[in-house]
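Report on the following structure.
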Amino acid sequence: MEPEETLESESSEKSLFSSQQEYEESQEAEETGAENPLLQPTLTGDVEGLQKIFEDPEHPHHEHAVQLLLEEDIVGRNLLYAACMAGKSDVIKALAKYGVNLNEATARGYTLLHCAAAWGRLETLKALVELDVDIEALNFRGEKARDVAARYSQVECVNFLDWADARLILKKIITKSSLIITDPEKGPGKLFKEDKSTILNACRLKNEWLESHPEASISEIFEQKQQLEDIVSPILAKMSTPRHFAAS
């Protein structure tokens, strides 16, 4: 199911997920016949051609390469959205090297991740997540990319984004637990040396587990999350308990 006419009446949302052909036509119309020179290499996945434009000072479009890349159509889409619609993950990876903001959103809050999710471009989603885009970004409906994928019945994309979210949750808990040690104000009280060591070791082991298990299932990830919480929670509870000292 392609997200073409199933969106609601807001014209900008319809246009955001219009067909690749319509995207090209809109670009040509806006440029009054002068097509954006980055459009074709973006849509065809010509990474070498794009790199030449960005890296060869002698190329006629080199000086304005970033400006051309970020040039928006009437609904606020630049060529990165075209790459997402076309499923050109290699193009996204290549263009990311030139300092573009992969989290930038249209006026209605649609990010590249939302776009790739709506179109069912699984490999593009994977590339964007690998590049650390914000998977929690919300559009004007309050939808994450995962919700948009579900709306268009992009099952593989939903499953992948659920998996990416599970990894993010574990990373956040690791970070929060580490902050108890590195930033004492984040904790509820004074931390004993042995407890500090316990938390540090647990966080280190969970980070190592994440790095060494890139294909871990959602249930395995949540099992690791639970293990970490089972270690940290009793320590936090102990820190929160008032200490009573015997009178001398």
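Each Cβ is built from the backbone N, Cα and C atoms, and glycine gets one as well.
For 1-10 (among others), the entry in Swiss-Prot reads compositional bias 'Acidic residues'.
Swiss-Prot lists 1-42 with the feature region 'Disordered'.
Annotated compositional bias 'Acidic residues' per Swiss-Prot: 22-33 (among others), in sequence order.
The repeat 'ANK 1' feature in Swiss-Prot is assigned to 75-104. Residues 11-12, 15-17, 20, 23, 36, 38-39, 41-43, 45, 47, 50-51, 54, 65-66, 68-69, 111-112, 115-116, 119, 121, 123-124, 126-128, 131, 133-134, 137 of the same chain sit 6 or more residues outside the repeat 'ANK 1' (75-104) yet have a Cβ under 8 Å from a Cβ within it.
Summarising the annotation, Swiss-Prot assigns repeat 'ANK 2' to 108-137. Non-local neighbours of the repeat 'ANK 2' (108-137) in the same chain are 2-3, 10, 12-13, 16-17, 80-81, 83-85, 87-90, 92-93, 96, 102, 143-146, 148-149, 151-152, 154, 156-157, 160-161, 164-165, 168; each lies 6+ residues outside the stretch with a CB under 8 Å from one of its CB atoms.
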Of the residues in the repeat 'ANK 1' (75-104), how many are helix, strand and coil by DSSP?
15 helix, 0 strand, 15 coil
Tally of residues which DSSP labels helix, strand or coil - the repeat 'ANK 2' (108-137):
17 helix, 0 strand, 13 coil
Within the predicted model, mean pLDDT of the repeat 'ANK 1' (75-104):
91
